[in-house]
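> The following block contains the structure, expressed as structure tokens.
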Amino acid sequence: MAIDVFYDDDADLSIIQGRKVAIIGYGSQGHAHAQNLRESGVEVAIGLREGSKSREKAEEAGFKVLNNAEASEWADVIMLLAPDTSQAQIYENDIAPNLKDGDALFFGHGLNIHFGMIKPEDNITIGMVAPKGPGHLVRRQYVDGKGVPCLIAVEQDPKGNGRDLALSYAAAIGGGRAGVIPTTFEAETVTDLFGEQAVLCGGTEELIKTGFEVLVEAGYEPEMAYFECLHELKLIVDLIFEGGIKNMNYSVSDTAEFGGYISGPRVIDADTKERMKGILSDIQDGTFTKRLVANVEGGNKELEELRASYNDHEIEKTGEKLRDLMSWVKNPLNETA
């Protein structure tokens with residue numbers, strides 16, 4: 001099924017230029033949205049919680065900085081870019097009491113709307129603008145006269161102008177230069193969570209660790225296992241990123257290509273696919289989200305326990321030693337924000 005793709009010529013920039021936009025949060029996406037919107041002629045203010053470490057950065061960038069409630073009262077378009085697990089509380093305490101008829105509430109990810117943690121009144125436009133790249137890339141591409149593709153969606157449209165508003169917003173942050181793709185809150189939320197859990201984070205992490213363990217348990221040095229199962233992954237991912245799986249297979253040796261074809265299906269087989277379907281089902285029916293919410297309400301205890309157990313793996317200790325030998329490798333864990 002072909003998808004629609006919209007560009008700058010399809011968007012009316014004056015729509016968002018005629019609104020007052022509050023960006024709630026000034027992290028990776030927040031700073032990029034705010035600066036790109038401002039340079040596209042949009043009036044922008046930043047909403048931050050009291051005591052936020054981001055206040056100084058936002059003020060140094062020349063933005064009017066308000067608390068979340070003040071920003072919500074001032075604006076008629078509110079883009080909520082705080083972490084998923086904080087959004088419901090911010091909405092309940094600061095945004096909802098200040099929403100006015102005709103206001104629009106936008107998101108960069110659909111989780112809280114799709115699973116009902118946030119339920120605005122019927123007179124509020126609910127939309128999403130989700131660049132498919134990190135904030136620093138969204139900003140850099142905009143400055144270079146380019147853009148990052150964006151997804152847009154409208155969940156509630158009492159005024160009938162939700163898509164035009166979302167498209168205008170997407171164009172103002174540079175998305176229309178690359179392409180704006182309409183979707184739904186359900187599709188964006190489910191596919192995003194599934195990709196993270198089954199492939200990008202959960203699946204990849206377990207594949208790396210298990211490969212490392214197999215080699216070490218067979219008597220090979222942990223350093224050799226680290227190089228072959230983790231370090232070289234970037235080379236492969238870069239090739240896939242640049243030109244797809246076909247490009248990767250074209251670029252590696254015939255030995256690697258042949259071995260991948262005959263052994264890959266032994267690692268990821270029909271049983272794996274069935275378990276992935278189970279993960280998808282848990283996302284679709286809300287099982288995962290209930291567990292996520294319970295973790296937050298429990299003070300992140302489960303997350304902290306999982307994090308500690310995973311961080312204690314031998315592969316982490318091995319990597320710390322080996323990365324000290326690599327002057328070209330940045331270790332963000334040792335950098336200060």
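Even glycines carry a Cβ here, placed using N, Cα and C.
So Swiss-Prot has the following annotated:
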type	residues	note
DOMAIN	3-183	domain 'KARI N-terminal Rossmann'
BINDING	Tyr26, Gly27, Ser28, Gln29, Arg49, Ser52, Ser54, Asp84, Thr85, Ser86, Gln87, Gly135	NADP(+) binding site
ACT_SITE	His109	active site
DOMAIN	184-329	domain 'KARI C-terminal knotted'
BINDING	Asp192, Glu196	Mg(2+) 1 binding site
BINDING	Asp192, Glu228, Glu232	Mg(2+) 2 binding site
BINDING	Ser253	substrate binding site
> Average the per-residue pLDDT over the domain 'KARI N-terminal Rossmann' (3-183) and send me the rounded value.
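That region's mean pLDDT is 97.
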> Of all the Cα pairs drawn from Tyr26, Gly27, Ser28, Gln29, Arg49, Ser52, Ser54, Asp84, Thr85, Ser86, Gln87, Gly135, the residues the record ties to NADP(+), which distance is largest, in Å?
20
> Using the alpha carbons only, what distance in Å do you get between Glu228 (Mg(2+) 2 binding site) and Gln87 (NADP(+) binding site) once rounded?
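Just about 40 Å between their Cα atoms.
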> Measuring Cα to Cα, how far is Gln87 (NADP(+) binding site) from His109 (active site) in Å?
11
> Identify which of the binding-site residues Asp192, Glu196, Glu228, Glu232 has its Cβ surrounded by the largest number of other Cβ atoms within 10 Å, counting every protein chain shown.
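Of the binding-site residues Asp192, Glu196, Glu228, Glu232, the most buried by Cβ count within 10 Å is Asp192.
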> Far apart in sequence but close in space: which same-chain residues, 6 or more away, have a Cβ under 8 Å from the residue listed as 'active site'?
Asp84, Met128, Ala130, Glu188, Thr189, Asp192
> How many other Cβ atoms are found within 10 Å of the Cβ atom of Thr85 (NADP(+) binding site), counting all protein chains shown?
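Thr85 (NADP(+) binding site) is surrounded by 17 other Cβ atoms within 10 Å.
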> To the nearest whole angstrom, what is the C-alpha distance linking Arg49 (NADP(+) binding site) and Glu196 (Mg(2+) 1 binding site)?
28
> Just to verify a number: CA distance, Ser54 (NADP(+) binding site) to Glu196 (Mg(2+) 1 binding site), in angstrom, no decimals.
27
> Going along the chain, which residues six or more apart from Tyr26 (NADP(+) binding site) have their CB under 8 A from its CB?
Ala34, Ile46, Leu48, Ser52, Ser54, Arg55, Lys57, Ala58
> Three-state secondary structure of Ser54 (NADP(+) binding site) from DSSP?
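Where Ser54 (NADP(+) binding site) sits, the three-state DSSP reduction gives coil.
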> So for Ser28 (NADP(+) binding site), how many other CB atoms are inside 10 Å of its CB?
16
